[in-house]
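Asker: Dumping the structure here so I can ask a few things about it.
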Amino acid sequence: MYDIPHLDLPPLGAAAGTVRLPGSKSISNRLLLLAGLSQGRTTLVDLLDSDDTRVMLAALRTLGCTIEQIGRLTHIDGFAGQPAVAEAELFLGNAGTAMRPLTAALAVLSTQGSGRRYTLKGVPRMHERPIGDLVDALRGLGVTVDCLANEGYPPLCLAGGTLDLNAPVKVRGDVSSQFLTALLLALPLAAERADVVIEVVGELISKPYIEITLNLLERFGIAVRRDGWARFTIPAGSRYVTPGEVHVEGDASSASYFIALGTLAGVDAPVRIEGVGSASIQGDIRFVEAAEAMGAVVRAEPNALEVRRGAWPLRAIDMDCNAIPDAAMTLAVMALYADGPCTLRNIASWRVKETDRIAAMAAELRKVGAQVEEGADFIRVWPLDVFQPASIHTYDDHRMAMCLSLAAFHPLKGATPVPTRILDPKCVAKTFPDYFETLFSVVAAEPAHIPVITIDGPTASGKGTLAAGVAARLGYHTLDSGSLYRVTALAARSAGVAPEDEAGVVAIARAMKLQFAGVVVLLDGVDVSEQLREEQIGAMASQVAAHPAVRAALFDLQCAFRQLPGLVADGRDMGTVIFPVAPLKVFLTATAAARAERRHKQLISKGIPASLADLRADLEARDARDRGRSTAPLKPAEDALSLDNSLVGIDASVQQVVDWWEARLPFGALAG
Ligand SMILES: O=C(O)C1=C[C@@H](OP(=O)(O)O)[C@@H](O)[C@H](O)C1
Ligand SMILES: C=C(OP(=O)(O)O)C(=O)O
């Protein structure tokens with residue numbers, strides 16, 4: 001997950017490859033609650049691990065479930081309708097699928113034992129999301145429900161009462177289908193002796209989510225009888241019976257971003273999406289039909305999809321999106337690439353979700369340059385030729401972040417491709433914490449569009465620490481090119497090849513099997529990170545690095561580090577030889593005295609005896625060798641900015657480089 005203030009997406013090009021989706025949020029939270037209400041153990045396979053499921057898991061633990069997570073399995077020992085605590089305060093974040101169903105379940109349970117009181121609260125936005133229709137239904141049943149701040153909104157206190165189920169329970173479903181889902185999931189708790197009837201008053205929105213609810217209830221032994229969408233009967237004697245093990249299919253709403261990507265950018269090869277397909281029980285799988293209407297070519301398997309581009313530009317659509325409220329947001333961004341304006345209708349519920357999604361979508365699409373019209377329950381988006389570099393607000397809404405990332409896709413139409421900034425990218429944690437990593441695994445960008453910041457400088461100047469700090473702030477990859485020379489030296493030493501033997505070292509460099517995982521370097525599968533820090537290896541690295549043929553052998557390897565979303569490369573010749581067109585080059589210096597002192601402190605702290613004078617003499621000798629060598633000598637690139645960190649701490653140095661970088665990006669006036 002990118003836990004940084006913003007993530008800059010370079011202009012994206014073709015997409016191809018395979019993604020595996022995280023589990024469905026809607027299925028995960030329903031199954032968790034059903035497992036909690038059942039007796040005995042339920043094992044969920046591939047449960048979604050995200051903010052929304054974490055709050056549900058924490059709530060169930062508080063109520064008395066024992067939950068054990070091992071690899072892909074989550075074992076839940078249910079509390080079988082007997083909560084371990086009579087009073088609890090539960091925090092449910094911004095998870096509608098936790099807040100609404102738990103409200104109904106705890107309302108019923110609060111009436112079934114004396115002195116039971118449960119308080120449910122969430123993040124500030126959750127306290128703005130309506131729940132009044134569910135509160136009305138529960139009060140109609142005889143439950144004491146107190147809205148603790150504003151009438152009709154969480155936080156809520158469920159404080160007992162006497163259930164009266166003689167008349168049908170009436171609930172409105174035109175603001176959210178989750179109120180009906182909540183009652184359907186909870187009322188089997190009260191259907192021991194007589195049928196419980198639920199009647200929907202007025203129109204019901206987001207209907208396919210009710211199908212998910214009924215399907216999962218059935219798996220837990222509750223066969224709801226239904227009369228269309230108007231009347232649902234939970235038969236007398238209903239009791240939750242765990243099915244034992246249940247597999248959670250991939251999230252169909254999360255699939256929409258990759259279906260869109262295949263539709264837009266799956267030109268030479270498809271995007272393959274694993275975890276959800278034609279056998280899905282989720283209504284959002286019908287997003288596939290919308291994508292096909294816009295031109296996608298889709299091959300569906302029961303549990304996978306392969307999507308590629310069919311028509312280009314995409315075909316404009318005018319669609320009623322009531323059945324797919326979440327995935328429909330993705331269509332609003334696909335509309336940028338259509339052959340005319342696209343209209344998404346019947347989406348009033350967008351206004352009461354994680355944010356006012358109609359307003360947010362309109363505002364952010366306008367920032368990238370699009371013409372947008374919005375109404376109470378529709379949005380119309382016109383296609384766009386020239387994209388503006390935009391700093392996208394995400395409103396703590398995972399779907400705004402994921403949808404708008406698709407606006408970084410820039411078909412090359414002559415206009416200069418621009419980057420797109422996604423503010424607060426970690427908001428995707430609600431349902432898809434690794435969304436951006438997954439995106440980068442299937443999307444390509446022109447290497448020239450992938451930013452590189454180079455940091456060159458003499459030995460022990462703190463390049464590595466600075467590069468790591470800058471990369472962490474920007475979410476970029478790092479290349480510690482020094483470590484490539486060190487590992488070459490180490491491999492040569494292990495093979496008994498002398499550092500002077502240029503041809504021998506080249507052969508070693510070409511044959512090395514390297515893997516990098518953060519700061520860990522694996523040579524032929526063995527972690528050699530510690531050995532690379534040895535002083536002797538450092539000295540040998542400087543010797544092997546002086547051979548032109550060795551440097552040439554490592555050239556392509558270093559270039560291959562230029563990957564999405566960007567790279568911070570440190571070394572001696574990053575700005576001069578390897579990435580001569582890098583948009584920001586830094587030359588880092590520090591006096592020999594300052595560097596010797598740092599190295600001395602490092603060694604002493606590790607219990608390695610060292611002499612300050614010797615270290616300084618050694619550093620000066622190495623500087624002279626690095627500067628004097630004929631191939632790629634250590635010198636600042638002509639366009640490098642110089643940073644002397646003798647007296648400046650690491651945080652200030654990182655900030656300086658980030659400030660220089662910001663000044664080169666086109667977001668300035670638009671940011672914030
Ligand atoms: O029941 C569910 O799992 C959901 C129902 C939908 O909400 P509404 O019924 O409020 O539209 C959907 O937007 C939400 O993400 C999940
Ligand atoms: C509306 C959404 O979430 P919630 O389950 O919180 O309603 C969503 O995920 O788009």
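Each Cβ is built from the backbone N, Cα and C atoms, and glycine gets one as well.
As annotated in TrEMBL:
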DOMAIN    16-439  domain 'Enolpyruvate transferase'
BINDING   K25, G96, R129, Q178, R357, R399, K430  phosphoenolpyruvate binding site
BINDING   K25, S26, R30, S176, S177, Q178, S206, D326, K353  3-phosphoshikimate binding site
ACT_SITE  D326  active site, proton acceptor
DOMAIN    453-659  domain 'Cytidylate kinase'
BINDING   G457, P458, T459, A460, S461, G462, K463, G464, T465  ATP binding site
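I'd like to know what surrounds each of these features in this structure.
Answerer: Per-residue confidence over the domain 'Enolpyruvate transferase' (16-439) averages out at a pLDDT of 97.
Cβ neighbours of K25 (phosphoenolpyruvate binding site) (same chain, under 8 Å, six or more residues apart in sequence): L48, S50, D52, T53, T97, D251, S253, T431.
Residues near S177 (3-phosphoshikimate binding site) in space but far in sequence (CB under 8 A, at least 6 apart, same chain), listed by position: L204, I205, S206, K207, Y209, I210.
According to DSSP, D326 (active site, proton acceptor) is assigned to coil rather than to any helix or strand.
T465 (ATP binding site) falls within a helical segment according to DSSP.
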Asker: Select the most exposed residue of R399, K430, where exposure means the fewest other Cβ atoms within 10 Å, treating these as the binding-site residues.
Answerer: K430
Asker: Can you tell me which of these binding-site residues sit near ligand 1, meaning the Cβ is under 6 Å from at least one of its atoms: R129, Q178, R357?
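Answerer: Cβ < 6 Å from ligand 1, in sequence order: Q178.
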Asker: Relative to the Cα of K353 (3-phosphoshikimate binding site), which of the binding-site residues G457, T459, T465 have a Cα no more than 10 Å away?
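Answerer: The binding-site residues passing the 10 Å Cα test: none.
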Asker: Under 8 Å Cβ to Cβ from R357 (phosphoenolpyruvate binding site), same chain, six or more residues apart: give me those in sequence order, or none if nothing qualifies.
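Answerer: Long-range Cβ contacts: M329, I347, W350, R351, D397, R399, M400.
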Asker: Looking at 3-phosphoshikimate and its recorded binding residues K25, S26, R30, S176, S177, Q178, S206, D326, K353, figure out the farthest C-alpha pair and report it in angstrom, whole number.
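Answerer: Answer in Å: the longest Cα-Cα distance is 19.
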Asker: Cα-Cα, whole number of Å: T459 (ATP binding site) versus Q178 (phosphoenolpyruvate binding site)?
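Answerer: Just about 61 Å between their Cα atoms.
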Asker: List the Cα distance (Å, whole number) between R30 (3-phosphoshikimate binding site) and K430 (phosphoenolpyruvate binding site).
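Answerer: Checking the Cα atoms of R30 (3-phosphoshikimate binding site) and K430 (phosphoenolpyruvate binding site) gives a distance of 16 Å.
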Asker: Should we count any of the recorded positions G96, D326, K463 as near ligand 2, judged by a CB under 6 A from one of its atoms, and which?
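Answerer: The ones that qualify, in sequence order, are G96, D326.
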Asker: Under 8 Å Cβ to Cβ from K463 (ATP binding site), same chain, six or more residues apart: give me those in sequence order, or none if nothing qualifies.
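Answerer: Result: I455, D456, G457, G482, D570, G571, L588.
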